[in-house]
Amino acid sequence: MMKKIDVKIVDPRVGQQFPLPTYATPGSAGLDLRACLDQAIELKAGETTLIPTGLAIHIADTGLAAVILPRSGLGHKHGVVLGNLVGLIDSDYQGQLMVSVWNRGQQTFTVEPGERIAQMVFVPVVQAEFNLVEDFVSSERGEGGFGHSGRS
């Protein structure tokens, strides 16, 4: 299913010097977000910084949200992940997309202008209305918590 989302370019290099986000393959769930930087920045081990993407989006559909996720290669090969682990973009947000990048690795990592630093996935949203009850209808699991369902 394809859904149109309003995108505003807030840095004129996006679409010129830096490509617009696209799906890499027909089966891709995520769009890559790029570092919209004037010059490379060095992220020392343990440091976190906020990186602009040069884009603002307005989803405008309360049935959708976007999540910003780490790119698997950056995390696995370099220890570079998101500072907030997952970013949530609400449907009514209209500001620039910023990516909190955290170097949890042991080596300094250089983020180059235009480098793909995160990915954005659009997800359906269900807003819940709470129904207060005294007790729940019994289930097989009940109150079993962490690890209760086993490993095999």
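Placement of Cβ uses the backbone N, Cα and C atoms for every residue, glycine included.
Positions annotated as substrate binding site by Swiss-Prot, on the basis of sequence analysis: ARG71, SER72, GLY73, ASN84, LEU88, ILE89, ASP90, MET98. Within the same chain, no residue at least six positions away from SER72 (substrate binding site) has a Cβ under 8 Å of its Cβ.
Comment: substrate site residues ARG71, SER72, GLY73, ASN84, LEU88, ILE89, ASP90, MET98; largest CA to CA distance 26 Å, whole number. Less than 8 angstroms from the CB of ARG71 (substrate binding site) sit ASP32, ARG116, ILE117, ALA118, GLN119, each of them six or more residues away in the same chain. Non-local contacts of LEU88 (substrate binding site) by the CB criterion (under 8 A, 6+ apart in sequence, same chain) comprise ALA65, ALA66, VAL67, ILE68.
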